[in-house]
Amino acid sequence: MARLASFLLLSLLCFFPLCLCDKSYGGKLFPGYYSHSCPQASEIVRSVVAKAVARETRMAASLLRLHFHDCFVQGCDGSLLLDSGGRIVSEKNSNPNSKSARGFDVVDQIKAELERQCPGIVSCADVLTLAARDSSVLTGGPSWVVPLGRRDSRSASLSGSNNNIPAPNNTFSTILSKFNRQGLDVTDLVALSGSHTIGFSRCTSFRQRLYNQSGNGRPDMTLEQSFAANLRQRCPRSGGDQILSVLDIVSAARFDNSYFKNLIENKGLLNSDQVLFSSNEKSRELVKKYAEDQGEFFEQFAESMIKMGNISPLTGSSGEIRKNCRKINS
């Protein structure tokens, strides 16, 4: 209760651009950043995201993933949204994003409406951050106060995208190391992984677990056998790379804590999911805690999302406010 009260107090205080918020969020990010220049910004984002999720529930997971993949490369600066052109080599072509990152059209719709109502004011980086929060809420997950004021990068990093974003077949230590490099700890890792309670993954991302986990032609023995048998029916040994399976077999369209219950039953889809329970004592205890207490998970997820959203933002005169999220201003 004490931690919850502290978190709520900080959230309330950060509705106002006080020094406390600047210090807490590291820079000049605060929730009221657009209160005078574009007071309708959050509602514009929420409205477009709500329509997109109503059309396709999967879009909520896709928008959350965009925010995560953006923040882990150069910080939360909208670099992921840039198309290749001129000196820009797009992060969309990286191994973690190619043929899987989606939702760019929804971001385009949001940005177009923001430019119509508040031209040149709201950054693409902030659009991603707000859309991630709204995606959680619209699927039944937690809400949080979003510090704003990020600016957009004028560069992208294909190598950063390939190297910084955890891969589905990474070991626990590799995944945690990649989180640590972003200033995130094991609690953030487990809580943020809980976003896999919604959405899908491609066959190519978990095939190794089904047929050749350790390079010896044998499956991952930590995978529950009946679950593995069902997955093999959908994901063949070769071909079918783009075939989708749900990340949470219990409630793939609802943001809840069933993801953690699945891990305890050895029914995590990705290796990067299951190692949270099988490979580390501290992460295992966190999985158990969140499986038992959805409120605890929601509270920590919100805190960790705020923390991730504050990774190396561009503020002040750094970067720019793009008119089109897909290209830098000329």
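Each residue, glycine too, has its Cβ placed from N, Cα and C.
Unlike curated records, TrEMBL annotations are generated automatically.
Keep in mind that what you see is a predicted model, and the values were worked out from it rather than measured.
Over in TrEMBL, the protein carries these features:
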type	residues	note
ACT_SITE	H69	active site, proton acceptor
BINDING	D70, V73, G75, D77, S79, E91	Ca(2+) 1 binding site
BINDING	P166	substrate binding site
BINDING	H196	heme b binding site
BINDING	T197, D248, D256	Ca(2+) 2 binding site
DISULFID	C38-C118	disulfide bond
DISULFID	C71-C76	disulfide bond
DISULFID	C124-C325	disulfide bond
DISULFID	C203-C235	disulfide bond
DOMAIN	28-329	domain 'Plant heme peroxidase family profile'
SITE	R65	site 'Transition state stabilizer'
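Within 10 Å of T197 (Ca(2+) 2 binding site), counting C-alpha to C-alpha distances, fall none of the recorded positions V73, G75, S79, C203. In sequence order, G78, L81, L82, F104, V107, D108, K111, C124, V127, D152 are the residues of the chain that are 6 or more apart from C325 (disulfide bond) and have a CB within less than 8 Å of its CB. Spacing of C235 (disulfide bond) relative to H69 (active site, proton acceptor) is 25 Å (Cα to Cα, whole number). Nearest neighbour of E91 (Ca(2+) 1 binding site) by Cα distance, taken over the recorded positions H69, C118, D256: H69. Taking the Cα atom of each, C76 (disulfide bond) and D256 (Ca(2+) 2 binding site) are about 25 angstrom apart. Mean pLDDT across the domain 'Plant heme peroxidase family profile' (28-329) comes to 96 in this model. Distance from the CA of D77 (Ca(2+) 1 binding site) to the CA of C71 (disulfide bond) is 7 Å. Rounded to a whole value, the Cα-Cα separation of D77 (Ca(2+) 1 binding site) and H196 (heme b binding site) is 23 Å.
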